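Pulled from Swiss-Prot, these are the features on record:
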| type | residues | note |
| --- | --- | --- |
| DOMAIN | 68-183 | domain 'I-type lysozyme' |
| DISULFID | 75-151 | disulfide bond |
| DISULFID | 80-86 | disulfide bond |
| ACT_SITE | 83 | active site, proton donor |
| DISULFID | 91-100 | disulfide bond |
| BINDING | 106, 107, 108, 109, 110, 111, 112, 137, 158, 159, 160 | substrate binding site |
| DISULFID | 113-133 | disulfide bond |
| DISULFID | 123-129 | disulfide bond |
| DISULFID | 147-165 | disulfide bond |
């Protein structure tokens, strides 16, 4: 009888709360908003359940600055704007796998950049960590296939992989980055 009671309680809780994936994919935790959200803020619409159950997102996931490296701050800003409006937007299914965070980083890209931070999803949703990953990825692949040190090359590699600057299918992506105010020489 006790087992049946626990099953009913667990089932009711699962139905009441459903999936918290939108919150957890953004690096947050679903909880009642009467609890303190230390070093962060609450965002509605990412958790299922009652009206007072909201996503606690830490400030570290949503603020900070770009990591320094071979890609200029301006170029990082343009790429970030194209990918997410430069917001920690969580993960979305894109071209056969999830892309996450500020720069819409895929898990393979995160491994190639040295796997910074505590996990792929949390790094992608932290501006400093995500931009560190982009910097490391570019440092690793910029010389591949003769790509030049330019914002155009960085953007096209970000979009198309290590030889992305040589693929014509990344020219459209570069147009979007260029429209954000970056030029070929923005580095």
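Along the chain as shown, the residues are counted starting at 1.
Note that Cβ sites are derived from N, Cα and C of the backbone, with glycine treated the same way.
Structure coloured by features recorded in Swiss-Prot.
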| residue | record | Cβ neighbours (10 Å) |
| --- | --- | --- |
| 83 | active site, proton donor | 23 |
| 100 | disulfide bond | 29 |
| 106 | substrate binding site | 20 |
| 110 | substrate binding site | 24 |
| 112 | substrate binding site | 17 |
| 133 | disulfide bond | 28 |
| 147 | disulfide bond | 20 |
| 151 | disulfide bond | 23 |
| 160 | substrate binding site | 18 |
| 165 | disulfide bond | 25 |
Work through the recorded positions one by one (75, 83, 86) and name whichever has its CA nearest to the CA of residue 108 (substrate binding site). 83
Write out the long-range same-chain contacts of residue 123 (disulfide bond), meaning residues 6 or more apart in sequence whose Cβ is under 8 Å from its Cβ. 101, 105, 110, 115, 116, 117, 129, 130, 133
Number of Cβ atoms other than its own within 10 Å, given for residue 86 (disulfide bond): 18
Looking only at DSSP and grouping its letters into three states, which state does residue 151 (disulfide bond) belong to? helix
Grouping DSSP H, G, I as helix and E, B as strand, the residues of the domain 'I-type lysozyme' (68-183) number 66 helix, 9 strand, 41 coil
Arithmetic mean of per-residue pLDDT over the domain 'I-type lysozyme' (68-183): 95
Those disulfide-bonded residues listed as 75, 80, 91, 113, 129, and which of them has the most Cβ atoms within 10 Å of its own Cβ: 75
Integer Å value for the Cα distance linking residue 158 (substrate binding site) with residue 147 (disulfide bond) is 12
Distance from residue 100 (disulfide bond) back to residue 106 (substrate binding site), taken between C-alpha atoms, in Å: 6
What is the Cβ neighbour count of residue 158 (substrate binding site) at a 10 Å cut-off, with all protein chains included? 28
Rounded to an integer, what is the Cα-Cα distance in Å between residue 75 (disulfide bond) and residue 112 (substrate binding site)? 20
